[in-house]
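As recorded in Swiss-Prot, the features of this protein are as follows:
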{"type": "SITE", "residues": "Asn9", "note": "site 'Discriminates between blocked and unblocked aminoacyl-tRNA'"}
{"type": "BINDING", "residues": "Phe14, Tyr64, Asn66, Asn112", "note": "tRNA binding site"}
{"type": "ACT_SITE", "residues": "His19", "note": "active site, proton acceptor"}
{"type": "SITE", "residues": "Asp91", "note": "site 'Stabilizes the basic form of H active site to accept a proton'"}
Amino acid sequence: MKLIVGLGNPGTKFVNTRHNVGFAVVDSFLSQNKYQILKEDKTDHIYQINFNHHQSLLIKPQTYMNLSGEVVKKIINKYRIKIENILVIVDDIYLDEGKLKLKMQGGHGGHNGLRNIIDRLGTKQFKRLKIGVSLDSCMPLDQYLLTPVNASSQKNILKNINIINKIIFNFIQDVDFNILMNGYNSKL
């Protein structure tokens, strides 16, 4: 079983913020596929999807970004998901808006959601799909990430949403992650 984790913050005031790109991606993927709601409550939203006998879970932790690892750990323990079968979708201020980067593993890069996942799982060995949100040096970082973006920026950040959905589909279908990285990192 695969686990796709879209990082973000719960609540309508965060919907169109840079920090909620992970939630937006999960929502986009679900809107294009048949899925089953397993749970939607104050701690997590869990969705199940099946493609050709490949069962996967997509989740949106509802504990706020900085506590995402609590939910991820609970789910991997409950469903016995291996670390190598986890893909975390996360915003990245060091990438230009809309730029994508797949990583096999790595540190948190200052991202508190990733930091909490690493801390709770005790490993950096999970896969990531980073989506560029750029950085505005004129604004405090938390304000920049948590302020709703205009329609133009939102469109630019998610300009590769069809490619992102293909990456998720291929990940679920067990396409080798090195092939995905080689195929998509060089193009995007």
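From the backbone N, Cα and C atoms, a Cβ is placed for every residue, glycine too.
Structural mapping of features recorded in Swiss-Prot.
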residue	record	CB count, 10 Å
Asn9	site 'Discriminates between blocked and unblocked aminoacyl-tRNA'	23
Phe14	tRNA binding site	19
His19	active site, proton acceptor	23
Tyr64	tRNA binding site	15
Asn66	tRNA binding site	13
Asp91	site 'Stabilizes the basic form of H active site to accept a proton'	25
Asn112	tRNA binding site	17
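Looking only at the recorded positions Asn9, His19, Asp91, the one with its C-alpha closest to Tyr64 (tRNA binding site) is Asn9.
Across the structure, Asn66 (tRNA binding site) and Asn9 (site 'Discriminates between blocked and unblocked aminoacyl-tRNA') are spaced 9 Å apart at their Cα atoms.
For the recorded site, Asn66 (tRNA binding site), the DSSP three-state label reads helix. Asp91 (site 'Stabilizes the basic form of H active site to accept a proton') sits 13 Å from Phe14 (tRNA binding site), counting Cα to Cα.
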